[in-house]
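Heads up: the structure comes next, in C-alpha cells.
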Amino acid sequence: MTAAAASGGTASGSHPASASAAPPTPLPLSSVHAPVGIFDSGLGGLSVLRAVRAQLPGEALVYVADSLYAPYGERDDDFIADRTLAIGQWLVKQGAKVLIVACNTATAQSIALVRERLPIPLIGVEPGVKPAALQSKTRIAGVLATQVTLRSARFQDLLQRHAADCRFLCQPGHGLVQAVERCDVGSAELRALLKSYLQPMLDEGADTLVLGCTHYPFLDAAIRDIVGDRLTLIDTSVAIARQLERVLDQHGLRAASNTKPVVAPRFFSTSDGAHLQQLAETLLHLAAPVEHAHIPSRRTAAPDAQAV
C-alpha cells in the first residue's frame with residue numbers, strides 16, 4: 001500500500017474487551033497534542049498503527065474499528081462511503097488533527113468524497129503497485145486485495161499507470177479479512193486458502209506479491225511458510241507513517257519526538273471489541289481497553305445494515 005497524497009510503550013495490565021469510558025477530550029485542530037485518528041473497517045489498520053508508533057512515538061493515537069459492519073469488501077460503494085464519512089466526522093469531534101483511512105477498500109471507494117467533507121488532512125492507502133513494478137525482476141507480480149479494491153476505478157487507474165512493462169495477477173482475497181478478524185493468522189484452513197491464491201501466481205512466474213489490504217500483513221508468517229523466498233512481499237505501512245510525518249510537519253502539527261511512545265493508543269470498536277483487544281495483545285503486545293463507540297450513519301439505519 002503506498003501512501004496516497006494528502007489534501008494527507010506498551011501498556012500493561014488486563015482489561016475487559018469493552019470498557020465504558022469517556023471519549024477523548026476534543027482539542028483545537030491546531031494543537032500538536034491532538035491525536036491522530038486511524039480508522040479501518042476492522043482490525044487490519046493495526047498494521048498501520050504499528051508503523052506509526054514506530055515512526056512517530058510522540059503522537060497520541062485513536063483507533064476506530066468499524067467491526068460491526070466488517071468486512072467492507074462485501075459492501076456496496078454507497079455503504080462504504082457512508083460509514084467512512086460518519087467515522088471521520090466522529091473522529092473530528094474527538095479532536096483528531098489528521099485522519100488515516102487505514103483501509104484499502106474505503107480509500108478506493110470514498111476518500112475523495114470524505115476529503116471534501118472533513119476539515120482535517122486525510123491520508124489514504126492503496127495497493128503498492130508502483131513499488132512492485134519497480135522491484136519485480138520477472139516483470140510478473142501478484143496482487144492480493146479485496147474484490148471492491150480490485151474493481152475500483154482508483155485501482156484500475158493505478159494498474160494502467162504502472163503496468164506498461166509489468167504483468168499483474170490480481171486475486172481477490174475472499175475469506176482472508178474474516179480470518180484476521182477472528183484472530184486466525186495460521187490455521188491449517190487459512191494456509192490452504194492462502195495456498196489456493198498464491199500457488200497460481202508462483203506457477204505463472206510471479207516474484208513479487210502486493211499485500212493490497214491492511215489486514216494482510218498479519219498473514220506474513222503464513223504466507224512465508226507457503227512461498228518461502230520466492231515472492232517479495234510489498235507492504236508499505238512504513239510509507240504511510242512517513243507520509244503522516246510529512247503531513248504533520250507541513251501543517252505544524254507534529255508532536256515532540258520521543259524515543260518511546262508517550263501514551264498507549266485509545267482503541268474504539270463499533271462491536272464488542274473482543275477481537276480487537278485479542279489481536280492488539282497478540283500481535284502488537286498492547287494490553288489496552290477497547291471502548292465501545294456508537295457511530296450512527298444513514299445506511300446503518302437500513303434493513304441491510306446488519307453484520308455480514
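Any Cβ shown, glycine's included, is placed from N, Cα and C.
The active site, proton donor/acceptor annotation in TrEMBL covers Cys103 (among others). Around the Cβ of Cys103 (active site, proton donor/acceptor), the number of neighbouring Cβ atoms within 10 Å comes to 37.
Under the DSSP three-state reduction, Cys213 (active site, proton donor/acceptor) is assigned to coil, being neither helix nor strand. Marked as active site, proton donor/acceptor by TrEMBL: Cys213 (among others).
Positions annotated as substrate binding site by TrEMBL: Asp40, Ser41, Tyr72, Gly73, Asn104, Thr105, Thr214, His215. Thr214 (substrate binding site) has a Cβ environment of 33 other Cβ atoms inside 10 Å.
Feature annotation from TrEMBL assigns compositional bias 'Low complexity' to 1-22.
The region 'Disordered' annotation in TrEMBL covers 1-25.
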Remaining residues near the recorded substrate site, that is with C-beta within 8 Å of the centroid of the site residues Asp40, Ser41, Tyr72, Gly73, Asn104, Thr105, Thr214, His215: Gly42, Gly44, Gly45, Ala70, Pro71, Cys103, Ala106, Thr146, Thr149, Val177, Cys213
Maximum Cα-Cα separation (Å), residues Asp40, Ser41, Tyr72, Gly73, Asn104, Thr105, Thr214, His215 listed as binding substrate: 12
Number of other Cβ atoms within 10 Å of the Cβ of Thr105 (substrate binding site) across all protein chains: 32
Count of other CB atoms lying within 10 Å of the CB belonging to Tyr72 (substrate binding site): 29
